[in-house]
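The structure appears right after this line, and notes come after that.
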Amino acid sequence: MFLFACEGMQDIHSSYRQTPSSNGQDNRIYDGSIVYYKQQLFILLSDYIAPVKIRAHELTANIKLKVFPVWQGGGVASRAGAWGQGWGQGWGRYMQWELGPGVGGQVPVFDYPVWCVLCQGGRARLREACRRGRGALRLPADMLSIKLPQLFDIHQVPKVFREDGIISGYRHPQSSALDCILSSFQMTNETVNIWTHFLPTWYFLWRFCVLCYTQNFLSESYTWPLLVYMLLICVYPFTSSCAHTFSTMSPAARHICYFFDYGALSLYSLGCAITYGSYVMPDCWVNSWLHQHFVPIAICNTLNFSPSIFLIRFLELQFPHRSKILRTGAFVFPFIFDNIPLFYRLLLCCGGSCCHSEALSSHCYHLLFAFLTCFLFASHLPERLAPGRFDYFGHSHQLFHICAVVGTHFQMEAVLADMTSRRTWLITQAAVPSFLGTLGALALGVILNLGIIGTFSAPLLWNSHHSASHPLTPPSKHKQQ
């Protein structure tokens, strides 16, 4: 501990009163504020805060052996009459900043609480003292650093939190929201998953802002499908990042987080259908039955996709392999439907019925990365071949995120190229995109997905609330990072 004195110390003269002493002890009563920090006592003496009475002799007895020398401001012991004399005589040996001859030039370091006296002019004096005493004035380590959450091995966490081939780097299964946020800044098996979708969110948001300056989204209905698409490619990676961040708060929270993640992917699939139906549809299919009903069918796919993928989550523990196959199929089916117009255009190009374009090149790159995304999601490679070797870097879900984001980038470029190059022909030959077929379909999809998420989340929240009296037993073996 140490006391910090400054010029103007006599100005807190009004913060104490002299009381009779029968035993010769200093019975002056100081007004101040008591602060507890991690079961350690901090006392701030000031006339600016609500008074709390502390007897000076008790204060002295508690800190007599634990006071760090500090610099004494001028005039402290020479003013304010008996107050100045008593302070100078009783506390002078604790009130020197400069290292004395017996210190030997070593810089004292302390790991106990700090007693800090602030008064009029104290803030400026504190800055001066810190400037003069760099390396000498040090606060406790636990005040200067934030302790990151502990990590655990696979056998220390419940099965619902375990991942195939990942042995270490697990967070506590009942982490607080703050622990979840802090864990994104330490190396866990989820850190790269969080950042590989959080950072691309800002990239897509930047591209969206640029398009807002170059496109007239408010009044030109031809751009509304692009508006829906750009909104959703900003939403789905951000939702995924949040899901990976907060999925270890509880088993119920894990399910709910991924419900939102899957719901965002479902909306992204709907956005792709809206965009492809407006810009990517082959010339010979424009105004056909499929073209007219492409978005309504995509809404039905969304309505079927979300409940199916949510139910499959509950089968993971009992039937892990079957649930993986079913979940992969639930993702693949909407993707295949959305890309039917693109597949037909590529088939025509293979037959020589179309010319090469920048849009088709970007579409091909998108399909390549989409295939890699599906393969990595289903195969759990490379961690399946070497469990424990890719816990923090290079496991399949991280590569899956990267491929998904890169594929979305090429998809965005392809959509922009088709929208620009086919603009004149589509405006003259096809029906203009309507509000109901674009933003209205998106609003309906959001409502349906939120309703489905609420339906599946309510029982989990109810069970979690009623089982609160039987908390999950924390891991018994700890692994310090």
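Every residue gets a Cβ built from N, Cα and C, even glycine.
In TrEMBL, annotation is done automatically, which means it is predicted and not curated.
Taken from TrEMBL, the feature Zn(2+) binding site covers His244, His397, His401. Feature annotation from TrEMBL assigns transmembrane segment to 222-239, 259-281, 293-313, 437-462.
Annotated features, which come from TrEMBL, shown on the structure.
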| residue | record | contacts (Cβ under 8 Å, 6+ apart) |
| --- | --- | --- |
| His244 | Zn(2+) binding site | Glu190, Asn193, Ile194, His197, Cys257 |
| His397 | Zn(2+) binding site | Glu163, Asn193, Leu376, Phe377 |
| His401 | Zn(2+) binding site | Val192, Asn193, Thr196, His197, Ser240 |
Cβ-based neighbourhood (8 Å from the centroid) of the Zn(2+) site, residues His244, His397, His401 excluded: Glu190, Val192, Asn193, Ile194, Thr196, His197, Ser240, Gln398, Phe400
Other parts of the chain folded back onto the transmembrane segment (222-239), taken as Cβ under 8 Å at six or more residues beyond its ends: 197-198, 200-201, 204-205, 207-208, 211, 215-216, 260-261, 263-265, 267-268, 270-272, 274-275, 277-279, 405, 408, 412, 415-416, 419, 423, 426-427, 432-433, 435, 438-439, 441-442
